[in-house]
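What follows is a short report on a single structure.
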Amino acid sequence: MGKSESQMDITDINTPKPKKKQRWTPLEISLSVLVLLLTIIAVTMIALYATYDDGICKSSDCIKSAARLIQNMDATTEPCTDFFKYACGGWLKRNVIPETSSRYGNFDILRDELEVVLKDVLQEPKTEDIVAVQKAKALYRSCINESAIDSRGGEPLLKLLPDIYGWPVATENWEQKYGASWTAEKAIAQLNSKYGKKVLINLFVGTDDKNSVNHVIHIDQPRLGLPSRDYYECTGIYKEACTAYVDFMISVARLIRQEERLPIDENQLALEMNKVMELEKEIANATAKPEDRNDPMLLYNKMTLAQIQNNFSLEINGKPFSWLNFTNEIMSTVNISITNEEDVVVYAPEYLTKLKPILTKYSARDLQNLMSWRFIMDLVSSLSRTYKESRNAFRKALYGTTSETATWRRCANYVNGNMENAVGRLYVEAAFAGESKHVVEDLIAQIREVFIQTLDDLTWMDAETKKRAEEKALAIKERIGYPDDIVSNDNKLNNEYLELNYKEDEYFENIIQNLKFSQSKQLKKLREKVDKDEWISGAAVVNAFYSSGRNQIVFPAGILQPPFFSAQQSNSLNYGGIGMVIGHEITHGFDDNGRNFNKDGDLVDWWTQQSASNFKEQSQCMVYQYGNFSWDLAGGQHLNGINTLGENIADNGGLGQAYRAYQNYIKKNGEEKLLPGLDLNHKQLFFLNFAQVWCGTYRPEYAVNSIKTDVHSPGNFRIIGTLQNSAEFSEAFHCRKNSYMNPEKKCRVW
């Protein structure tokens, strides 16, 4: 057919004929060989570098961990001289206690960060929110609604006072208004049954220690208006607090009288409030010291109401006090009838004996002034700015803070404390990595196993008691993260808060509603079985717990984060962080309190006499050790080695178990890669991370407060005391014998 129509055009290029090829010169050959050699070397180096492992972890998580550890520590301090300064010196230089805080530390920073998460989830309205969550958000909005709160002044409180027989000092003609109807039984019971406020006599419904599936009525000494009985000495370091306390009473009484348009007699206010202080001082002196209340066996005194009437008769306002009427006044609010045969556990027989001569000295007016005040003082910070400010000097004397906590923080905490499951749901949905649960379960299994293996090393405990200790350890139930129900069972969560209905412009009434709801719920338990599966903590909490009555350990979602735990951080840090916390909580089942309860949570002596005696002897070592620490921030006072014993036993046991579990991990999985920028191996990093959990400091006022009220040793002594007893620590840091961190005498219980 001839040429194709789509034929391509070809351009013909005439190329010249090549010249004759030239030979390479020696220089060119040499250079070519050199280039070839350099290329081979470069390729080899690249290949080697790509596969070379210098043993240092360079992941972003490792870099973050290393940066945190380096920032917090002071490497110029000798670790064997003062490990607190070595581990926390950098933290102390970089951090100042906020004006709103009584203390500040890594624990508090985690709590601050958790509060930010709570604020975000509580202030965000969502159309798909279930009713329980809607209620939590409404409660939060009512709490931050400062304009509504301020506009009401003290009116919500004034409306409430007649319900509790008024406050005599702020009432005209109190005797005429209330005197005829006032009885001690009714007045004390009203505060208790409606609002959960226990003054003079602390009656409550709780688990029966000796039969932990049942509830029983307990009678105990009351809490005080000041942090501890020591404050009522009102001299030296306690003088300012006593003065501020009485001034606080007078200020609030004055504000109420002003609002009620009543005449103000300053002398009369001072006279009556000083009388309240005098009465409370006597009550405080009648209470037992904490160190005398450490043995649950001695604390437990079960008797009938008839026996209480016989053993602890009281006379108030010239009339005999009826224990039966008093108890029925409280329990009738939840439709429970009590007879003289009702069993009651008395925790404070000595207090009730000492109470009798005190109460005969004071009039109904004096007693009601104290009782109403103790209720009012709790509510002042829920009123307008003027009322809040009346508390400033008192707050400063007790906590050293010069500013109030930010409203949103206080409100986030308040809602979390009252609706822990609704808030817990919001928190875990926003911030909790679910895979953490399985990793922590595995850690618990490892540390429980180490605890049981360690029993074999104990020479002070006989075989019979060891066997029972093992049974108890195996029976410990664990709770990790959060109860599944709070996320998966909408109906159950809604039903939990069914009776609660909040108004956004009535914060005070919402608080009262919560008090009534919570107290009613607790009183109703008297005729119910104990729910042993119930969680003893909400999810949005940076803490961990052990319940002796349930033999249960709890690790809420809030604590499962760095520095305690991360599935991505080095295992040495996890074992030194959450591993130590797990060991600590397990050991609580065997401390000076927990050891008295059996595997089912009942108060039963399961120890042979010899083992019990040896336990006390071993413990005494720690009582002396921690009791010899003096705290400069608390005016040089010594720690109370008896009151902090349980926590110190748990710290020491927990650290030892976690370290042994980490050694087992290394044997099984091999050494981990080192962290960048730190000239420390992983054994050393284990102890460093443990210590940095406790970096922090206190205001002097709060140090004075906590040394009397906190069952934990201050953070610096938790580090020093525990590590002084650890031979493994001294080995890891090569501490010479008898250096400060490596004393020859070491204490060990578990």
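Cβ coordinates come from backbone N, Cα and C, glycine included.
Taken from Swiss-Prot, the feature Zn(2+) binding site covers H584, H588, E647. Here Swiss-Prot flags C57-C62, C80-C735, C88-C695, C143-C411, C234-C242, C621-C747 as disulfide bond. Here Swiss-Prot flags 56-750 as domain 'Peptidase M13'. What Swiss-Prot lists as phosphoserine is S4, S6. Per Swiss-Prot, the feature motif 'Stop-transfer sequence' maps to 16-23. Annotation comment: Swiss-Prot describes 2-28 as topological domain 'Cytoplasmic'. According to Swiss-Prot, the feature topological domain 'Extracellular' maps to 52-750, an assignment based on sequence analysis. The feature transmembrane segment is assigned by Swiss-Prot to 29-51, with sequence analysis given as support.
Known features from Swiss-Prot, placed on the structure.
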residue: C57; record: disulfide bond; Cβ contacts under 8 Å, 6 or more apart: S570, E672, K673, L674, L675, P676
residue: C62; record: disulfide bond; Cβ contacts under 8 Å, 6 or more apart: Q569, S570, K673, L675, P676
residue: C80; record: disulfide bond; Cβ contacts under 8 Å, 6 or more apart: S730, F733, H734, C735, R736, S739, Y740, M741, N742
residue: C88; record: disulfide bond; Cβ contacts under 8 Å, 6 or more apart: N72, M73, D74, A691, Q692, W694, C695, G696, N716, I719
residue: C143; record: disulfide bond; Cβ contacts under 8 Å, 6 or more apart: T407, R410, C411, Y414, V415, Y507, N510
residue: C234; record: disulfide bond; Cβ contacts under 8 Å, 6 or more apart: C242, K281
residue: E647; record: Zn(2+) binding site; Cβ contacts under 8 Å, 6 or more apart: D591, V711, H712, S713
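Taking the disulfide-bonded residues C621, C695, C735 in turn, the residue surrounded by the fewest other Cβ atoms inside 10 Å of its Cβ turns out to be C621.
Mean pLDDT, taken over the domain 'Peptidase M13' (56-750), works out to 98 on the 0 to 100 scale. Same-chain residues that are not part of H584, H588, E647 yet have a Cβ within 8 Å of the Cβ center of the Zn(2+) site turn out to be Y546, E585, T587, D591, G646, I649, A650, D651, G653, G654. A sphere of 10 angstroms centred on the C-beta of H588 (Zn(2+) binding site) encloses 24 other C-beta atoms. Across the disulfide-bonded residues listed here (C242, C411, C747), the residue whose Cβ sits among the most other Cβ atoms within 10 Å is C411. Spatially close to H584 (Zn(2+) binding site) yet at least six residues away along the chain are A544, A650, D651, G653, G654, L655, judged by Cβ distances under 8 angstroms. Put simply, C747 (disulfide bond) is 17 Å from H588 (Zn(2+) binding site) when counted between their Cα atoms.
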